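Participant: One structure, pasted below without further comment.
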Amino acid sequence: MKVYNTLTNKKEEFLTLVPGEVKMYVCGPTVYNFFHIGNARTFVVFDTIRRYLEYRGYKVKFIQNFTDIDDKMIKRANEEGSTVKELGDRFIKEYYKDADDLNIERATKNPRATEFMEEIIKFVSDLIEKGYAYEIDGDVYFSTKKFNSYGKLSGQNLEELQLGARINVDERKKDPMDFAIWKSQKPGEPAWESPWGMGRPGWHIECSCMAYNLLGETIDIHAGGSDLSFPHHENEIAQSEARTGKQFAKYWLHSAFVNVNNQKMSKSLNNFFTAREILEKYDADVLRMFMLSGHYRTQINFSMELLDSTKAALDRLYNSINNLENLLDEVKNEELRDEELEYKNELQKYKEKYIEKMDDDFNTADAISIIFDLIRDVNTNVTIESSKELVKYTLDLIRELGSPLGILQESTKASLEEEIEKLIEERQKARKEKNWALADKIRDNLKERGIVLEDTPQGIRWKQI
C-alpha cells in the first residue's frame, strides 16, 4: 500500500510503527456551529480511509478531537449569551447527529480539549524547561527559531515568514512567527489556573497534547483539511518534536477544498451549505459518493446539479442491487453449477482491481468506477437462470466493495418501490392538471434511473431495464 505523505511530497510505502496496527489522529471540528460540506468532505474522506485500513486487516485506533475552547467559541458564546461549555455541549451533540446521518463511524475516542487542561499545562511547562518556550505577562510563546526544522511540512522558509509577519505583530514576542501556546485571561473569558496565572491554551497545543496522551510520542497518520497544513500542523510538529525529540507523525494526509459553483465556499458569497441542509434533500449515500468521486487530494466542485447527477448514478447501482435481491427470491437453482464457478472466479478480478486502486493512495474515484464495471458485468450475466449461490455471491461482493466507501449497504426493495410509486402518483396528478412539462420531467427522470412506465388496463406499471 502507498500513501501520499505531505511531509515528503511523494507517495511512500505504508509501513506502520507496529505491524498490523494504525495510530491515526484527525483534526476535528471547532464546535461553535453546524459543520459545512467542506468539513463534511474531510470527515468522510478520513472515515473512508479508516474503514479501508480496517478492511485490509489493520487494527485502527482512530482519534478525532473536538476543539471546545478557542476565540471562535468565546465570540459565539458571548453573542448568544451562553457559556463556552454550553455551546460546546450543544454542538458536539449536533455533530454526532449529522455525522451519524452521514454514516461516519464513531471514532475510538473524541477527546475534548477542556478535558486535558492538566496535561496541556504540563506540556507547556516542559517546553519552557527545555528552552523552546518563554513567558511574558502570563502569555507563553513557542520560539520558532529554536526549532531548526520549522517549516518542513508546509515548505515555508522561516526567514521569509518573519518578514511577512511584521505587520500588527505583538512587540513582546522575540520573533514575529512565535506563536501562543498559553494565553492569559481577558475579561469575560473562561480560564484555568496555571503557573503563569489564569489563562487558556492556544489552539495548536491542544491537538499536540491530545495526540501525545492518547496515541503516544509518535503516531502513524496525522490528517486534516489542507487548510490546516500551515500554521496548525506545522506548529503541532514543532511543539511535539521539541518536547519529545522524536518524530511526531510518520505520514501526513491532507484533503482538498470543496468549491461551490467554481468558487471557494464562503458566507460572504452566500454559497455556504451545512451538511445538515444537504442531508435534508439527499441520502447520505449520495453525499458520500459525491465526496469520494474525486481523489481526496483534488479539489471538487459542489453544485446541486452535480448532486443530482450523483443521485442518478447511485440509483442505477441500487436498481441493479434491487434486481439481484428480486432474483434471490425467484431463482430455482440453489447450488453453483460448474460453468458458473469460472464466472465467479472472473468476478474476483474486480475485487483485485478495486484493492489495487485503493492501495494506491486511496483512489476512491477509480474504485467507484470499478464498482460500476462490476455491476455492468453482473447485469448482463446474472439472470433468472443463475443459481441462488451465484446471485448471493454477486450481491455480497457489491456490498463488500461498497462498505469501505460507506455506500451500497441498504436493502433497496421497500424504499425503491415506495419512492417510484410516489413519483408515479405525482406524474398522474400533473397529467390531470395538464402540467405536461412536469409529467414529462418525472417520466424522463425515472427513465434516466432505469425505470420505464407502461400503460396497462390495470393502470400504470413500472419495470426496470
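Quick reminder: no glycine exception, Cβ is built from N, Cα and C everywhere.
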Participant: Motif ''HIGH' region' per Swiss-Prot: which of the ranges 29-39, 128-138, 414-424 is that?
Facilitator: 29-39
Participant: In Swiss-Prot, which of 264-268, 294-298, 399-403 is tagged motif ''KMSKS' region'?
Facilitator: 264-268
Participant: Quick one: DSSP breakdown of the motif ''HIGH' region' (29-39) into helix, strand and coil?
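Facilitator: Summed by class, the stretch gives 3 helix, 2 strand, 6 coil.
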Participant: Here are some binding-site residues: Cys27, Cys207. Which one has the most Cβ atoms within 10 Å of its Cβ?
Facilitator: Cys207
Participant: When you measure from the Cβ of His232 (Zn(2+) binding site), how many other Cβ atoms are you left with inside 10 Å?
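Facilitator: By my count, 17.
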Participant: Have a look around Glu236 (Zn(2+) binding site) and count the other CB atoms within 10 A of its CB, chains all included.
Facilitator: 27
Participant: Within the same chain, and leaving aside Cys27, Cys207, His232, Glu236, name every residue whose CB is within 8 angstroms of the centroid of the CB atoms belonging to the recorded Zn(2+) site, in sequence order.
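Facilitator: Going along the sequence, the neighbours come out as Trp203, His204, Glu206, Ser208, His222, Gly224, Leu228, His233, Asn235.
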Participant: Return the average pLDDT for the motif ''KMSKS' region' (264-268) as a whole number.
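Facilitator: Within the motif ''KMSKS' region' (264-268), the model's average pLDDT equals 69.
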